[in-house]
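As given in TrEMBL:
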REGION    1-28  region 'Disordered'
DOMAIN    91-200  domain 'Methylamine/Aralkylamine dehydrogenase light chain C-terminal'
BINDING   ASP106, ASN178, ASP179, ILE180  substrate binding site
ACT_SITE  TRP131  active site, tryptophylquinone 6'-substrate hemiaminal intermediate
ACT_SITE  ASP150  active site, proton acceptor
Amino acid sequence: MTGRPSHATGAEATPEPGRGTTGGHDGLDRMAERLTRRLAGRSSRRSALARLGAWAAAIPAFPVLPVWRGDARAATPTTRAPSPFSAKAQVKDDTKCDYWRYCAIDGNLCTTCGGGVHSCPPGTRPSPTSWIGTCFNPQDRRAYLIAYRDCCGQDACNEQTCLGMDGDLPTYRPQANNDIIWCFGTGSLLYNCSTAVIVGTAE
């Protein structure tokens, strides 16, 4: 005899503990299991662990990102000389090693070799690259980015040789290392002297 099934009564109507109505739940379980197996088949455990490790390693680095460091530096204006060189630096005589722009220079001063603080002597050519230093100006009490550029093409004049070590980094960080002769690219590797050009403020 066919027709709509009659409703169960008594003990038959009570689901087993922990199972509930099995139809919908079993379908969801099977779907979740298929998705999990498909995902596991497409990505290895090693790659998943590598991604988790990369995220874990990146989290501590967020506070030292350049934006954060820039905000912190701007919030604390410079009120005193940040280095021993800056504490003794002067702003009037650019032919002396204690001139404020020379905090990270290493070489002969072009101001004593026929050139200027930002110009090469006649007969020499400026290098196409430079190293960067951050120098404190005691007059306005601000820090400036200084580009040090070698002048090349003639023998060294050796009139006034200076060595500034503020911010000097090892050779594997060449943009801030003052031991490298930067004359490659000028047609001559003969080093003559170095200039110091302001390229901007460091705040």
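Along the chain as shown, residues are numbered 1 onward.
Note that Cβ sites are derived from N, Cα and C of the backbone, with glycine treated the same way.
Automatic prediction, not curation, is the source of TrEMBL annotations.
Recorded features from TrEMBL, shown on the structure.
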residue	record	Cβ neighbours (10 Å)
ASP106	substrate binding site	21
TRP131	active site, tryptophylquinone 6'-substrate hemiaminal intermediate	26
ASP150	active site, proton acceptor	27
Give me the Cα-Cα distance between TRP131 (active site, tryptophylquinone 6'-substrate hemiaminal intermediate) and ASP106 (substrate binding site), rounded to a whole Å. 10
Secondary structure tally of the domain 'Methylamine/Aralkylamine dehydrogenase light chain C-terminal' (91-200) (DSSP, helix then strand then coil): 11 helix, 38 strand, 61 coil
To the nearest Å, how far is the Cα of ASP150 (active site, proton acceptor) from the Cα of ASP106 (substrate binding site)? 10
